[in-house]
């Protein structure tokens, strides 16, 4: 049997994943609702003083989006594992890491990008400082793909487990620490009037590195879990 | 196959490794105990009081060797995980997974003794200092490896998955350390300084180094003990395990 070209396989995979998300577009709104609720909890717990909220706004939005992404990670391979199409991907003649990179990209596009789009709203709820309005989405734009890529490796390790939620958090969060420090750090530095280019550049460098290495690691991890 | 590879494969086979570990283990424990007691005597009794910290500094004889061990155990685990993933050596899988709980214990002791030391010295149990934070992240990495290993039914697959996680973690450790350093110094200058090795007196350094040696030896004893159990679990249905179980049974009834 002749197999099609790798490009065609990737395109088909992307089209399929996007269609699946579109058919269940109600679910796609869940991460946004979750982040919104988490952000809304902070004024309730800390009191409504704008000054106090402004100081922690960028960090809280970052953490809320990180947690929303963490909850959404589980859907990356879950349904594909259950209907067996994940095993077909592993068996396909095309490079697994490339196919997984497509899956991760679609997942980022459908879960993280909407979060970035609503991040100004989340910031506004917490009276985000004026100079951060542009910087926060930019930092998120660099940080969230990194979170998706790192998370995908850990999801690949826990794929096939029944209750992997808490365990996944334990595996993923230590890996998220540097991303959080640099992403939220850039915002805090800007808020304090300090130069903030360096952490963003570090994030960019880490993102380039992860774009190359994480799909390979993800493929290796998936082969271990499905063996 | 030359003599060296033959020896290597023989030693790596579970029954031989089990017996060898059983023979080495008591020596490691004994030596670790003796060295540890001598070092404790040297540290708690012979070493002079610190002119600034008084007797409170003496906790370094536990704290610092455990902190060294927390990293050493991780490197040991990651190196064995690498060998296990690349060459598929069963013994390395078991060794790597045996090291994880011990390393986690050392990390935990480091954090606890550190905060006991911190209370009289800095006036607080915990501060978000760079070193403390990276040690805490290290503990989470250990717990993740242990959790993943425990969550997967198949023992070999569990060891491979957890070993892979340990390898991701080892890439992460320097990044965490660097980022946490950067994060801490952004907000404020380092207010907390741990004692530099150059500033330490010779009467204090020998118990410290001896204790470090003792913890290493004890670590290997503990790894071997856990490895023996791990090998028995892994080869549960095999003849050599059955022979051991039957022998034990006979001794119990004799």
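Please read every residue number as a count from 1 along the shown chain.
Yeah, the Cβs are placed from backbone N, Cα and C, and that goes for glycine too.
Taken from TrEMBL, the feature transmembrane segment covers B:27-47 (among others).
Here TrEMBL flags B:37-187 as domain 'Cytochrome c assembly protein'.
Per TrEMBL, transmembrane segment is recorded for B:59-87 (among others).
Per TrEMBL, transmembrane segment is recorded for B:94-116 (among others). Counting residues 6+ beyond its ends, the transmembrane segment (B:94-116) has Cβ neighbours under 8 Å at 59, 62-63, 66-67, 69-70, 73-74, 76-78, 80-81, 84, 125-126, 132, 135-136, 138-139, 142-143, 145-146, 149, 158-159, 162-163, 166, 215, 219, 222-224, 226-227, 230-231, 234 in the same chain.
TrEMBL lists B:136-152 (among others) with the feature transmembrane segment. Below 8 angstroms of C-beta separation, residues 70-71, 74, 77, 97, 100-101, 103-104, 107-108, 111, 158-159, 161-162, 165-166, 169, 172-173, 176, 180 of the same chain, each at least six residues beyond the ends of the transmembrane segment (B:136-152), sit close to that stretch.
Annotated transmembrane segment per TrEMBL: B:164-184 (among others), in sequence order.
Outside the transmembrane segment (B:204-225) by six or more residues, the chain places 21-22, 24-29, 31-33, 35-36, 38-43, 46-48, 60-62, 64-66, 68-69, 72-73, 76, 95, 98-99, 102, 106, 197 with a CB less than 8 A from a CB of the stretch. Look at TrEMBL and you will find B:204-225 (among others) tagged as transmembrane segment.
Residues of the same chain lying 6 or more positions beyond the ends of the transmembrane segment (B:27-47) and with a Cβ under 8 Å from any Cβ of it are 58, 60-61, 203-204, 206-208, 210-211, 213-215, 217-218, 220-222, 224.
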